[in-house]
Amino acid sequence: MVGPSVMDACLLALFVIAAVLVIICLLCCTNNHNQDQQQANARLPEEIDAHTKSIAIALLNRVTYPRRRNAAGGGDPDPSAAETLVAEDCAICLGPFEDGDLCSIMPVCRHEFHRDCIVNWLLMANNNTCPLCRAQLQWSAVAENMV
């Protein structure tokens with residue numbers, strides 16, 4: 001007959017093997033999910049060429065911060081504008097928006113960024129999303145809506 005210490009050793013060995021297999025399975029699933037996500041982010045939602053993308057970026061609306069002023073023009077921003085100007089800092093460079101800054105508003109999600117920051121972001125390889133919320137841009141729609 002097998003003694004209790006041998007059975008304990010066998011159970012412990014089985015437990016360790018099972019734990020190692022579970023960890024390996026979890027690592028494999030996590031890697032596959034990350035690779036799928038990277039591949040999905042790399043694909044543009046529609047076939048575009050570099051020319052269309054550059055035109056769409058050039059046509060992104062340009063506004064000067066603060067973009068809403070009182071009806072008389074100039075002066076302090078309209079108090080209701082504080083609700084529309086939610087962001088005080090650019091989410092890309094983390095620099096504050098200041099009077100006179102050139103900014104662009106993303107057409108899909110309406111997030112606002114410094115003009116140079118968002119242009120650089122969009123020109124980077126495979127960036128076709130808002131850097132803040134990851135909403136995907138439809139380049140042909142951007143070009144049509146920004147004219």
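Along the chain as shown, the residues are counted starting at 1.
From the backbone N, Cα and C atoms, a Cβ is placed for every residue, glycine too.
On a predicted model such as this, the values are computed, not experimentally measured, just so you know.
Annotated in TrEMBL:
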type: DOMAIN; residues: 90-134; note: domain 'RING-type'
type: TRANSMEM; residues: 6-29; note: transmembrane segment
- Item | Per-region confidence, the domain 'RING-type' (90-134) (mean pLDDT, whole number) | 85
- Task: Give the residue counts of the domain 'RING-type' (90-134) per reduced DSSP state, in the order helix, strand, coil.
- Result: 9 helix, 9 strand, 27 coil
